[in-house]
Amino acid sequence: NLYQFKNMIHCTVPSRPWWHFADYGCYCGRGGKGTPVDDLDRCCQVHDNCYEKAGKMGCWPYFTLYKYKCSQGKLTCSGGNSKCGAAVCNCDLVAANCFAGARYIDANYNINFKKRCQ
């Protein structure tokens, strides 16, 4: 769920507050549209697509609880998750790891969505 995703982000990117990822580019935060502005925004586009796929499996990604572990910046999804829990955990884990490897460009935070995301 979104609370767990926030905690996963904190695990892989402890140096930056999670809310910096909630209004970034064209895909991080609100619904996505247009061309991603950079690699970090592409992480969010992939995450959106992953949640969409989980939704088509009958899951509710924003609310699905799952079990995971964070140890020294490394995430693992627990083996005992339900089908939906495993799917959503994997979506969030992949995104949090992607965030850790992508450059954060301050100019792409809180952009003019209507102008830049067509």
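Every residue gets a Cβ built from N, Cα and C, even glycine.
Taking the Cβ of Cys11 (disulfide bond) as centre and 10 Å as the limit, one finds 20 other Cβ atoms among all the protein chains shown. In the three-state DSSP classification, Cys11 (disulfide bond) falls within a helix. Per Swiss-Prot, the feature disulfide bond maps to Cys11-Cys70 (among others); the stated evidence is similarity to another entry.
Secondary structure at Cys117 (disulfide bond), as computed by DSSP, is coil. In the structure as shown, the Cβ atom of Cys117 (disulfide bond) sits within 10 Å of 19 other Cβ atoms. Positions annotated as disulfide bond by Swiss-Prot: Cys26-Cys117 (among others).
According to Swiss-Prot, the Ca(2+) binding site annotation covers Tyr27, Gly29, Gly31, Asp48. When secondary structure is read from DSSP and collapsed to three states, Asp48 (Ca(2+) binding site) falls in the helix class.
The Cβ of Cys44 (disulfide bond) lies under 8 Å from the Cβ of Phe21, Tyr24, Gly25, Tyr27, Cys28, Gly29, Gly32, Pro36, Ala95, each on the same chain and at least six residues away in sequence. The disulfide bond annotation in Swiss-Prot covers Cys28-Cys44 (among others).
Swiss-Prot lists Cys43-Cys98 (among others) with the feature disulfide bond. Cys43 (disulfide bond) is surrounded by 25 other CB atoms, counting those within 10 A of its CB over all protein chains shown. For the recorded site, Cys43 (disulfide bond), the DSSP three-state label reads helix.
There are 23 other CB atoms within 10 A of the CB of His47 (active site), with all protein chains counted. Annotated active site per Swiss-Prot: His47 (among others), in sequence order.
Residues or ranges marked as disulfide bond in Swiss-Prot (evidence: similarity to another entry): Cys50-Cys91 (among others). Annotation note: Cys91 (disulfide bond) sits in a helical segment as assigned by DSSP. Listed in sequence order, His47, Cys50, Tyr51, Ala54, Pro61 are the same-chain residues six or more apart from Cys91 (disulfide bond) with CB atoms under 8 A from its CB.
If one looks beyond the motif 'Coagulation factor Xa binding motif' (52-69) by at least 6 residues along the same chain, the residues whose Cβ comes under 8 Å of a Cβ in the stretch are 1-2, 4, 8, 75-78, 80-89, 91-93. Summarising the annotation, Swiss-Prot assigns motif 'Coagulation factor Xa binding motif' to 52-69.
Within the same chain, residues at least six positions away from Cys59 (disulfide bond) with a Cβ under 8 Å of its Cβ are Lys83, Cys84, Ala87, Val88. Feature annotation from Swiss-Prot assigns disulfide bond to Cys59-Cys84 (among others).
The feature disulfide bond is assigned by Swiss-Prot to Cys77-Cys89 (among others). All protein chains considered, the CB of Cys89 (disulfide bond) has 25 other CB atoms within 10 Å.
Sequence-distant contacts of Asp92 (active site), defined by Cβ-Cβ distance under 8 angstroms and a gap of at least six in the same chain, are Gln4, Phe5, Met8, His47, Tyr68. According to Swiss-Prot, the feature active site maps to Asp92 (among others).
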Practice problem: Show, in sequence order, which residues other than Tyr27, Gly29, Gly31, Asp48 on the same chain lie with their Cβ within 8 Å of the centre of the Cβ atoms of the Ca(2+) site. | Solution: Cys26, Cys28, Arg30, Gly32, Lys33, Cys44, Gln45, His47
Self-check item: Listed disulfide-bonded residues (Cys28, Cys77, Cys98), ranked by Cβ neighbours within 10 Å, top entry
Solution: Cys28
Practice problem: Among the disulfide-bonded residues Cys26, Cys50, Cys70, Cys84, point out the residue whose Cβ has the most other Cβ atoms within 10 Å, with all shown protein chains included in the count. | Solution: Cys26
Quiz item: Quick one: which of these disulfide-bonded residues, Cys43, Cys77, Cys89, Cys117, have their CA within 10 A of Cys70 (disulfide bond)?
Solution: Cys77
Practice problem: Pick the one among the binding-site residues Gly29, Gly31 whose Cβ has the fewest other Cβ atoms within 10 Å in this structure. | Solution: Gly31
